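Colleague: First, the structure itself, so that you have it in front of you.
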Amino acid sequence: MTMPQTDGVEFASRNNLENGDGDQVRSQWVAIERSPTCKRITTALFCKRDEQGKRSQRRVMDVSKLEDLDRRLFIDELIRHVEDDNRVLLQKIRTRTDEVGIDLPKIEVRFSDLFVEAECEVVHGKPIPTLWNAIASKLSRFTFSKQEDKISILKGVSGIIRPKRMTLLLGPPGCGKTTLLLALSGRLDPSLKTRGEVSYNGHLFSEFVPEKTSSYVSQNDLHIPELSVRETLDFSGCFQGAGSRLEMMKEISRREKLKGIVPDPDIDAYMKAASIEGSKTNLQTDYILKILGLTICADTRVGDASRPGISGGQKRRLTTGEMIVGPIKTLFMDEISNGLDSSTTFQILSCLQQFARLSEGTILVSLLQPAPETFELFDDLILMGEGKIIYHGPRDFICSFFEDCGFKCPQRKSVAEFLQEVISRKDQEQYWCHRDKPYCYVSIDSFIEKFKKSDLGLQLQDELSKTYDKSQTQKDGLCIRKYSLSNWDMFKACSRREFLLMKRNSFVYVFKSGLLIFIGSIAMTVYLRTGSTRDSLHANYLLGSLFFSLIKLLADGLPELTLTVSRIAVFCKQKELYFYPAWAYAIPSAILKIPISFLESFLWTMLTYYVIGYSPEAGRFIRQVLILFALHLSCISMFRAIGAVFRDFDVATTIGSISIVLLSVFGGFIVRKPSMPSWLEWGFWLSPLSYAEIGLTSNEFFAPMWRKMTSENRTLGEQVLDARGLNFGNQSYWNAFGALIGFTLFFNTVFALALTFLKTSQRSRVIVSHDKNTQSSEKDSKIASHSKNALPFEPLTFTFQDVQYFIETPQGKKLQLLSDVTGAFKPGVLTALMGVSGAGKTTLLDVLSGRKTRGDIKGQIEVGGYVKVQDTFSRVSGYCEQFDIHSPNLTVQESLKYSAWLRLPCNISSETKSAIVNEVLETIELEEIKDSLVGVPGISGVTAEQRKRLTIAVELVSNPSIIFMDEPTTGLDARAAAIVMRAVKNIAETGRTVVCTIHQPSIDIFEAFDELILMKNGGKIIYYGPLGQHSSKVIEYFMSIPGVPKLKENSNPATWILDITSKSSEDKLGVDLAHIYEESTLFKENKMVIEQTRCTSLGSERLILSSRYAQTSWEQFKACLWKQHLSYWRNPSYNLTRIIFMCFTCMLCGILFLQKAKEINNQQDLFNVFGSMFTVVLFSGINNCSTVIFCVATERNVFYRERFSRMYNPWAYSLAQVLVEIPYSLFQSIIYVIIVYPMVGYHWSVYKVFWSFYSIFCSLLIFNYFGMLLVVVTPNVHIAFTLRSSFYAIVNLFAGYVMPKPNIPRWWIWMYYLSPTSWVLNGLLTSQYGDMEKEILAFGEKKKVSAFLEDYFGYRYDSLALVAVVLIAFPILLASLFAFFIGKLNFQKK
């Protein structure tokens, strides 16, 4: 490879300092040399530049204090053309170190006889996690009946990854590539059984810290969505530190001073800036942004599924950049090219190759579909299959090895594709080269034996048998420190990030505070001047107001739980990388929430204190603020600890709800301490709410205004406290405050310990390939024979002219993403849509298909010669999205069956639909996994490439006339991509219109297309026309442009096209390819052809469908209910946890209120019974509402996809979602009756039992449906949870428990009637005691129970019929609102 040209790059050369400003540089350098070492290594001669690129005079500067603009402009000038100038930069750095005689540290990785095994559970039948299976699995832990087996992932692999060389890791999915990368980087899951030896420079993992010596780039993109790309890289670079750069810079500086060498000022400035540790921002970040092509989105937030952000390809590059921004030189990289075009992949790997060769790096990269040019960048190659290494040696010799085995790679065939297919039983025969000998399948074990006997194999075994020569020099590259920064620097960096995340989530905190002010305003007017009357009755109301304040602030901490769980995955990744210890993450999380806790406590007290009428002394006001502040702080600490311990949304939410129940029930208000069983009194002392209750009540009732003496020779305040069991003396306030601070410290300690010691949750399961070689029969996919079930369809032409698309930027400006795009997609023609990353390919597909939910679209789009009608178009088209969105709890076959059921016309029989489903399963080679659960990406279920094939299959079964496919081969290996594209080609040959965006096509895949639309950045077309035989037409077009380099023989034309049309190539040529196309004859011909196509299409009948949906409303509902039933039944984490929670709550109430309902002698007995009802209703409802939010939110993105495809009316979906909840709520209600009814001692009669069952059943439905409604009216679960907390506060306040109906001010009585809990509690209490005529002692006077209910609570027995109607009306209303809003609102931003 020739050295690149460096014209135009303004490097100051040491050998040329005499020219220009040489004397000035020397004199300035002398000043730097006189500085102390600590200052000299951060001081350089830096040339400032302005935004126009104009340079000022060089001056001595501290490079640790460079501004953002200085760093960006410096890197822009240093690296103008990435591939060329990066080599020059690294070469100059290497020359500088060589001149002073410094050897760069290097690492050789050896592994010998490495075995990795995983334990798996053996189940009978389908291993699908249903409710029964989950219960059986839990029970098997106690019965020891669980059967386990072992799966071998790696089977005795050995090899050497050498420095200065870049090694490619190839193999089919499931062969063990990821496990090998994890094993070599020291990141294997401890639960896996490992045998064998891995060493770095002869040192075992126990002698150093492998996580800090090597980097593993995961294939899962896991980032904090609120951070920008630059902030993500800066944070990673800060914690990875400078490694050996700092010491090396000191040594270079010392030796240069001794030799009198004046270094290149730019290189010196770069090296010194890159060696700075612990800085908030770093020049290395700008360098990584440049070489990865992320400069354009550097200040864009990463985003996620619910928040706009960077593209999938950019996210993939960010994952790579996050690992290589540090000083680590041993890199293990897992499928880093997913979602990237071949040109970008080539550019990134070229830079990595230069790094390996010039900086002594050791790099092992696994790729799925490397283009020939990318393939040739590698020095060595490891080919794997079935957990074994087939070949390990120089890349140049692998073809000759397989030729010796009898297999030859054809011309114009990518070697990487050949290697992955030649080891496959299905594809091997086509490469047999000994035509004079009969072909016989050569197994992987046979290949391995032949390699071991070859010269390369013998040489490898010989090297591995020799003991590595350890020396101190070779150990310099090994890191023995876990963390790169000091404790203080780690704390500061984590605090900076936490504060930034709080700023980015400021809307949530402001919104939460706004809701708190709203609820506080309601509460203060409900309890208006309650404290102005001093008697036992009003004291009871005042206690209710204090309890409500505590419950509100307790529930206000719940959003902290969801926030903790949502960030735990990123924390675990960074902890495993030894970015920082758990305490550095935990302490800022706790400390920075203190001001928020204080603010919310102060706001609440300021609103309510004097309006309600508490003791007016200023000191008591401050003490109430302090108690509420301490409670709020302890509660958010508790929820944070729960999130860290359990880490699963459903489980953590359920545990959070259980915690609220325990804290509330043992808090001293719902159940008085004297009324608790003696053996459960410890619960009172373990509840933070108890101490808050003690603190607030002692602060209030020991005030002067409550010192009125009663007949019992006690103050009124003491009498009130004694009645509640809260009289612990005046000094108890500070004891309570201290206890709450102690709880805060305890929960934060638990939080830190959980983060430190608990295993990473939700780690992806190990996927191993099935041994297809042992199958008795081979199922060969004969694509040509798949026409037996072909269905009639209408061939359609799709034309678009002068399409433009604009979006509005945050600054209020319009940004154009598509510019005058014109083209046509014709029946039977397979069209490729190509371009560099960010060119607008996906944007164009989204605009043409009508999927954009924002922005301004201009231009003409026609289907069949008529203006596109979206309802009709959605029915006749299919869209395979880039991101594979599916229901996680269906199997692969059920996903296809569901799609066929709803999208194929209703006149097609069920047998035909099933045949089509089976045919597509066979065509896309999904038959072997048809009974596998789809699962959640990266956590469970099918692999990424199987998920991609499922996405395509789901669209194929719908028999569309037009199919849009966005990156259908992304994430697939070469063989799987070929399978998919054969199926796609076959579809196009049936006369359908097929369009695919594609990033890294092989020669075979690329030339399977008939036409090509090529785009450049800015959404402009630079070529639209036929490919021609062997891509001759498109090659001829670009070769006609002066200066375009020729295509090398047997090279991939797709890679060549992307390379010559990149931005850097355009700049070199000095042309605008879009303008050249618009001025070309081809463009004029295309315009004529498009017009002719339109005119021809106009002669056909307009496509009119009889209905908006393929199926009747009844069929839609049946299909949706079938799917929802399966999804719920197979979701034990949702249903089992809420059932367990119901059992727990009922048992707790049964124990605490044991037989309390049998004897009612005074108002307190009635209050106890009412408390048990309140506890079950409110807290079981809270848990149901919380858990259903995650369940519905998981399916919402799937719903958006299915709704766009016009699979069903939203009413059919919502009705099924509503009805599927009923059996589970029914079961929970039965649990209540079975446990609570006999334990509490309610009256046994059919009427009363039914009323209890009916009231609880309606209550559960109300909370379930309200949770579902919250999901569809909010953009994400964090907002939903914040609104949910306010809903709890309102239904608690107006339930009639803390403030009975007769005492609610008339201006708020309408809220009482709107609160569902008030009707539920009315039904429960009135049905039990509304007809009781027994006299009791109530507040010093005798009253009948029925009269007391009417006077105190406002409950009348003769109103039960109205209560029954209202109770069923609430769930119907909420379900209707859910159905309405799910059809109207769409928070998916496209």
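Heads up, the Cβ atoms here are built off N, Cα and C, so glycines get one too.
Residues or ranges marked as ATP 1 binding site by Swiss-Prot on the basis of sequence analysis: Gly171, Pro172, Pro173, Gly174, Cys175, Gly176, Lys177, Thr178. Among the features that Swiss-Prot reports, ATP 2 binding site is placed at Gly835, Val836, Ser837, Gly838, Ala839, Gly840, Lys841, Thr842. Per Swiss-Prot, the feature domain 'ABC transporter 1' maps to 137-411. Feature annotation from Swiss-Prot assigns domain 'ABC transmembrane type-2 1' to 489-701. The feature domain 'ABC transporter 2' is assigned by Swiss-Prot to 798-1043, with sequence analysis given as support. The domain 'ABC transmembrane type-2 2' feature in Swiss-Prot is assigned to 1115-1329. The region 'Disordered' feature in Swiss-Prot is assigned to 1-22. Summarising the annotation, Swiss-Prot assigns transmembrane segment to 507-527, 594-614, 626-646, 651-671, 737-757, 1134-1154, 1173-1193, 1218-1238, 1253-1273, 1279-1299, 1307-1327, 1362-1382 (among others).
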Colleague: May I have the list of same-chain residues other than Gly835, Val836, Ser837, Gly838, Ala839, Gly840, Lys841, Thr842 whose Cβ is within 8 Å of the Cβ centroid of the recorded ATP 2 site, in sequence order?
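Modeller: Here the nearby residues are Asp341, Thr843, Met1015, Asn1017.
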Colleague: Could you measure between Thr842 (ATP 2 binding site) and Gly174 (ATP 1 binding site) for me? Cα positions, answer in whole angstrom.
Modeller: 29
Colleague: State the residues, same chain only, that lie 6 or more residues beyond the ends of the transmembrane segment (1362-1382) and have a CB under 8 A from a CB inside it; answer 'none' if no residue qualifies.
Modeller: 1199, 1210-1211, 1213-1215, 1217-1218, 1254-1255, 1258-1259, 1261-1262, 1265-1266, 1268-1269, 1272-1273, 1316, 1319-1320, 1322-1323, 1326
Colleague: By a Cβ-Cβ criterion of under 8 Å, what residues six or more beyond either terminus of the transmembrane segment (1218-1238) are in contact with it?
Modeller: 1121, 1124-1125, 1128, 1135, 1138-1139, 1142-1143, 1146-1147, 1149-1150, 1172, 1176, 1180, 1184, 1188, 1244, 1249, 1252-1253, 1256-1257, 1260-1261, 1264-1265, 1268, 1375, 1378-1379
Colleague: Suppose we draw a 10 Å sphere around the Cβ of Thr842 (ATP 2 binding site). How many other Cβ atoms does it contain, all chains included?
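Modeller: Neighbour count, Cβ to Cβ under the 10 Å cut-off: 21.
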Colleague: For Gly835 (ATP 2 binding site), which of the binding-site residues Pro173, Cys175, Thr178 has the nearest Cα in space?
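Modeller: Checked the binding-site residues Pro173, Cys175, Thr178; minimum Cα distance to Gly835 (ATP 2 binding site) goes to Pro173.
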Colleague: Against which stretches of its own chain does the transmembrane segment (651-671) lie, if we need a Cβ under 8 Å and a gap of at least six residues from its ends?
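Modeller: Sequence-remote neighbours of the transmembrane segment (651-671) are 543-544, 547, 550-551, 554-555, 558, 561-562, 565, 638-639, 642-643, 645, 680, 683-684, 686-690, 692-694, 724-726, 1133, 1137-1138, 1140-1141, 1144-1145, 1148-1149, 1152-1153, 1168, 1171, 1174-1175, 1179, 1182-1183, 1186-1187, 1190.
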Colleague: In the same chain, which residue numbers or ranges, 6 or more beyond the ends of the transmembrane segment (626-646), come under 8 angstroms Cβ to Cβ?
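Modeller: Distant contacts of the transmembrane segment (626-646): 549-550, 553-554, 556-558, 560-565, 568, 589-590, 593-594, 597-598, 600-602, 604-605, 652, 655-656, 659, 688-689, 692, 695-696, 699, 733, 736-737, 740-741, 743-744, 747-748, 750-751, 754-755, 758.
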Colleague: Counting only other Cβ atoms and using a 10 Å cut-off, which of the binding-site residues Gly171, Pro173, Gly835, Gly838, Gly840 scores lowest?
Modeller: Pro173
Colleague: Drop a 10 Å sphere on every Cβ of the binding-site residues Gly174, Gly176 and tell me which sphere holds the fewest other Cβ atoms.
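Modeller: Comparing Cβ neighbours within 10 Å for the binding-site residues Gly174, Gly176, Gly174 has the fewest.
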Colleague: Which residues of the same chain, at least 6 past either end of the transmembrane segment (737-757), have a Cβ under 8 Å from a Cβ in it?
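Modeller: Cβ under 8 Å, 6 or more out: 571, 575, 581-583, 585-587, 589-590, 626-627, 630-631, 633-634, 637-638, 640-641, 644-645, 688, 691-692, 695.
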Colleague: Can you grab the distance from Val836 (ATP 2 binding site) over to Lys177 (ATP 1 binding site)? Cα atoms, rounded to a whole Å.
Modeller: 28
Colleague: Cβ under 8 Å to the transmembrane segment (1279-1299), counting only same-chain residues 6 or more beyond its ends: which ones?
Modeller: 508, 511-512, 515, 518-519, 522-523, 526-527, 541, 544-545, 547-548, 551-552, 555-556, 558-559, 562, 1170-1171, 1174, 1177-1178, 1181-1182, 1185-1186, 1189, 1193, 1266-1267, 1270-1271, 1308, 1311-1312, 1314-1318, 1321-1322, 1353-1354
Colleague: Suppose I define contact as three or more CB-CB distances under 8 A, residues 6 or more apart in sequence; do the domain 'ABC transporter 2' (798-1043) and the domain 'ABC transmembrane type-2 2' (1115-1329) meet it?
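Modeller: Output yes: the domain 'ABC transporter 2' (798-1043) sits against the domain 'ABC transmembrane type-2 2' (1115-1329).
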Colleague: Give me the Cα-Cα distance between Thr178 (ATP 1 binding site) and Ser837 (ATP 2 binding site), rounded to a whole Å.
Modeller: 26
Colleague: By a Cβ-Cβ criterion of under 8 Å, what residues six or more beyond either terminus of the transmembrane segment (1253-1273) are in contact with it?
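Modeller: Residues packing against the transmembrane segment (1253-1273) from afar: 1176-1177, 1180-1182, 1184-1189, 1192-1193, 1196, 1217-1218, 1221-1222, 1225-1226, 1228-1230, 1232-1233, 1280, 1283-1284, 1287, 1316-1317, 1320, 1323-1324, 1327, 1364, 1367-1368, 1370-1371, 1374-1375, 1377-1378, 1381-1382, 1385.
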Colleague: For Gly835 (ATP 2 binding site), just give me the three-state DSSP call.
Modeller: strand
Colleague: Where Gly174 (ATP 1 binding site) and Lys841 (ATP 2 binding site) are concerned, what is their Cα separation in Å, rounded?
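Modeller: Here the two Cα atoms are 31 Å apart.
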